[in-house]
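According to TrEMBL, the protein carries these features:
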REPEAT    A:9-44  repeat 'WD'
DOMAIN    A:11-369  domain 'CAF1B/HIR1 beta-propeller'
REPEAT    A:62-92  repeat 'WD'
REPEAT    A:121-162  repeat 'WD'
REPEAT    A:163-204  repeat 'WD'
REGION    A:415-484  region 'Disordered'
COMPBIAS  A:421-437  compositional bias 'Polar residues'
COMPBIAS  A:458-474  compositional bias 'Polar residues'
REGION    A:506-540  region 'Disordered'
COMPBIAS  A:531-540  compositional bias 'Basic and acidic residues'
DOMAIN    A:681-880  domain 'Protein HIRA-like C-terminal'
REGION    A:946-982  region 'Disordered'
REGION    A:1002-1025  region 'Disordered'
COMPBIAS  A:1012-1025  compositional bias 'Basic and acidic residues'
């Protein structure tokens, strides 16, 4: 036995919380209190190669965490290393081609190897303490101080399951090598065994942990490679601390490893089993227990496990399950608690790390531990005991439909990310072809790239960079219409490549991490042009200082930034309860010109926008015969198109708001008058008197005009029919808000009022709470608020799907606003809040009539329910989308049955059910019975409905414009959805044919993938041995 | 995981007269494409004691943000000396280069800046009224202080945690241990762009 302590393995002198050896034995990783993960060269600790160049020792430093790194674990295939941290996230790192970089400003030399974070797993609401990969690397389990265990799907990076049964901090997780269970240990002094088939609780074990005292950093329990034992940590049996061992099946404490003087923090089984050679001295003493294997073989040849135990008493002990006494005790290695252990792949070296910031390696030889069983022997042993392991890894699928839907659901989640990357898919499927393709394109950019290569060389070489006269940077700068400067940077060097470094000299697309697929080098270079053209186009069209929401054909402008509505006690109010005051903006803006632009989309893109401008003018009016000259305040209104004045007018008083669209213009004045002009500037109506100054104004695409006055009255008119659609007041918002802000009771600040895309008034307060007026309910609905701070779903609204969703915008505002507030506390979500949040989001998006957001939210909600296996809710959702039983449905189609509408926001409910809800449900097999039930029901419906049952009365629920266009968009929007119609008979026959073919190939790919994976596993194991 | 890593910042044209524009050549690598532009800001700290003397010299949007390595030159006007207290012009102050994504600041590079007269005689006997044209500005470009803040670059991820909204709990200061620094490089959460106080 040789022991060593490499002093150069350190994390700036801070604690090292975790250590793990790469399964191919080339590297080992450490995680420490300095928030970093470090990857070290195994050669540098090899007993033979002590004189390795010190620069080659540390291969990489990963600085992606914002908290102490508590756990690092390599995947079994060795390509990824996962790290869990106090910052609540898990990062997955992978080696990328190219040379390593350093962090700017760190002053450290560049890394030897280029390791980069490729995936971030977010979901825990407290420190992640322990993580472990599943035996087949398809999943990752993580234990956290939020009392949960999360199970992550490592293909998609999505959390598939949250295990909640522990009553206190979860500090250790371990996988059954057979794949049937996982075990977790918690500060609640229990160990829970979970079934991986449906994630139910198999057994909660109370045992020798009950009497344990004191707290420990970790409770890293371990599962023996034979699958028979779980050795747990932090037990106590008077007078010693112990590591209680549970036996498979009974899950009861079988025996304890006794002897440590302080709590046991970590146990680690050797990856293999060992046996005595015939030559070695036969073990005379036998313990009363054995491995549970058949005792037919000679006792000496019976394989046993080797286990290392690390404790707070600073010692490490190594035991075999063939002897009741430790084989080896390592004292005085560390100054503080041992917190993590790892065995080398050959099984003869043990790595340990400690809170004192050091690591130690202990190398054994076969005479000490015995002879290692080969992988085949171990497999054979497991096979004899548990049957063929393959096939029982996961829970069984009960119907082929489940499989189909699962592929659909993975595609769905994948496509979400793919959308942002250009040409990603081709890259994944055919890397080699792609190289050829790109080669041509590259030629044109050769010069550029050479320059770039130089540049990266330089950046790596710090000394030369700082002094070098840099070659001119080829960047493009322009001003956006809103006056902001935008730079398109110059691309330098080699962008991140898709081709990943093969671990064992074998390159294939095993387990592609979706977020790790950032597109090929083309997406780094060429799309710069195209996407830029896109966005600049959009900006020219869309971004103008004063128009925000509806850039194309309408515009509005208001002077006031905000509006305060105060609820004054009834006695003091003279004419009403409401008194509206403008708080900001009015004084500064007295001289400001108002300007709006309206783009008439119909006339083509080339036409310049029509601008309406209001400039205050002061005239000294000489009245003949008057004693003095009086100043008359007037505002000149002028309408221009590219410099040429179309019409102009003068209004008395100061203009506060402007609005316009291709049909009309509206000008509101300080004195409470409102003037409406026709397109050509005729005064369409006599001046309308509002009683107080207009503060917010908005118009839709056609004839609707919204106005909010200073006193908080809100009007919506249909100017075409000269009708008032709505007259209400913001008063109800005041009362609803009083309780929240007790300091200034009865006051609200309004920051914006506008018409939502669905044509209803939408008010946003300074608190960023948003309210929508429902014209059928005739009351205000709160559609965005901050009631769910700890929801996992918070801030999850994307701005991605082409036109940024309306609700999303509101949500983001709320989040941003909340973020500024001081006071941040860790709130643990028990799932209730997330659910409530999703439900309210769903209802809000329905109220806003935002179909794409509705769909998105529905998906998330169903996925959440599926994950939680909330069958009753899922059933209700499905039923609401399915409609009344078939017989009734037929009756309903014939006459007007109001009870069930087959459309929601213009989308057929059945289509949503078939394309979105059911695939989303497929993510958890626990609900597959329910899924099958609805699959059957749905297909029944679609059989009864004639195939050409064209949408009757196309948009039944919608009364105003705007939505039909988004309807089209829905249909053409996400490519994956339409391409993955499973099973059932679709309306368009060809499509469904093509689809089924696509699906089949999809499955084939899947299978080859898994074969690859097995091969790969096999290989890595062989390599290891 | 930060989608953007800054790989190098070269201070061009340094030292330079106080009244000449700033020039930074910024190189960064992007690991995941982002939908929105990055916003880079250059802030001149006018007074160590009072934040209100901070001057935002330049704010530019850089994009599109695609995977790869990029560089650009950020040019900014010099600070307006009339907005700096007379006694604060000469001496050491701080220049902040920040980068934000969708209103969330995730990176901050701080440089010490020394302003002094080039002329030996002026340096020894500074005139009562600052001769701004004679002041030389020297950025200590080899000692950047880099601070990162955790933000969520992909808020559409279903698993998105609350990280994006939380004020950075413990910003990592790469040169932890330099305590005196906290005064000049306050680790504050990103400043709101507009700050409507709650009523």
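Using the three backbone atoms N, Cα and C, a Cβ is placed for every residue, glycine included.
Keep in mind that TrEMBL annotations are predicted by a computer and have not been checked by a curator.
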Find the average pLDDT over the domain 'Protein HIRA-like C-terminal' (A:681-880) in the predicted model and report it. 73
Using DSSP, break the repeat 'WD' (A:9-44) down into helix, strand and coil residues and give each count. 3 helix, 19 strand, 14 coil
The repeat 'WD' (A:62-92), counted residue by residue under DSSP: helix, strand, coil: 0 helix, 16 strand, 15 coil
Grouping DSSP H, G, I as helix and E, B as strand, the residues of the repeat 'WD' (A:121-162) number 0 helix, 24 strand, 18 coil
Within the repeat 'WD' (A:163-204), residues counted as helix, strand or coil by DSSP: 0 helix, 24 strand, 18 coil
